[in-house]
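Here the structure is laid out as structure tokens; the discussion comes afterwards.
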């Protein structure tokens, strides 16, 4: 995606009964700046505005009994339909623990969609008829339960936004991050050089860029082997990386 001045590169519509929660990403950080620059468009719809219930209720008891309440069909149906009319050809995603689990690789699948409507459930979830009739995909941010889909939507929006041109200043900042190439990040240090009897590794002060690159790669592989060896199984190793990994494995024995 190549960016022109003030061209929106990705648009999000959020269906939520708590739109105020999204000020944390619309007003702050790199996503906030990208929204202000109109690189990203973020719109919010409250299902309460689409209910005919006199008290603006959007939930009811589940048929067949059971704990808690479910979000009802009408307010969700009408709010999703309205969002689809405003954001045509958008993919409708329901945030659910049953969904595809987000990881650094499939973030790029979401980026390609360019128009996404996120449906944030609450209570014990939403009426299955909404999932059957209007939801295109279900996504999850992990194997745990949240009180609603809003935090999951914010996590996904933040993860996607960082790869939109113009949001993060330099491509190198993204390329060296944890998980980008199935390697965890190397240790990072900043000034001062010495504080509380703790110092910066001498090699980082040497000015020898090739040695620094090699040191960082070695540390990255060491940390990945120690903390997330599963990532190395997914990675296609270059010759230098294979040599370092074999040496790391020998040192562990």
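Here the Cβ of each residue, glycine as well, is placed from N, Cα and C on the backbone.
These figures come from a predicted structure and were not determined experimentally.
The transmembrane segment annotation in TrEMBL falls on one of the ranges 12-30, 31-49, namely 12-30. Cross-referencing 121, 166 with the S-adenosyl-L-methionine binding residues that TrEMBL gives (141, 142, 143, 144, 145, 146) picks out 121.
For the transmembrane segment (12-30), the list of distant contacts is 40-48, 58, 76, 79-80, 83, 86-87, 90, 116-120, 122, 148-151, 153-154, 157-158, 161-162, 167-168: same-chain residues at least six beyond its ends, Cβ to Cβ under 8 Å. Taking Cβ-Cβ distances under 8 Å and a sequence gap of 6 or more within the same chain, the neighbours of residue 143 (S-adenosyl-L-methionine binding site) are 97, 101.
The most densely surrounded of the binding-site residues 141, 145, 146, judged by C-beta neighbours within 10 angstroms, is 141. It is 142, among the binding-site residues 121, 142, whose Cβ has the fewest other Cβ atoms within 10 Å in the structure shown. Around the Cβ of residue 144 (S-adenosyl-L-methionine binding site), the number of neighbouring Cβ atoms within 10 Å comes to 7.
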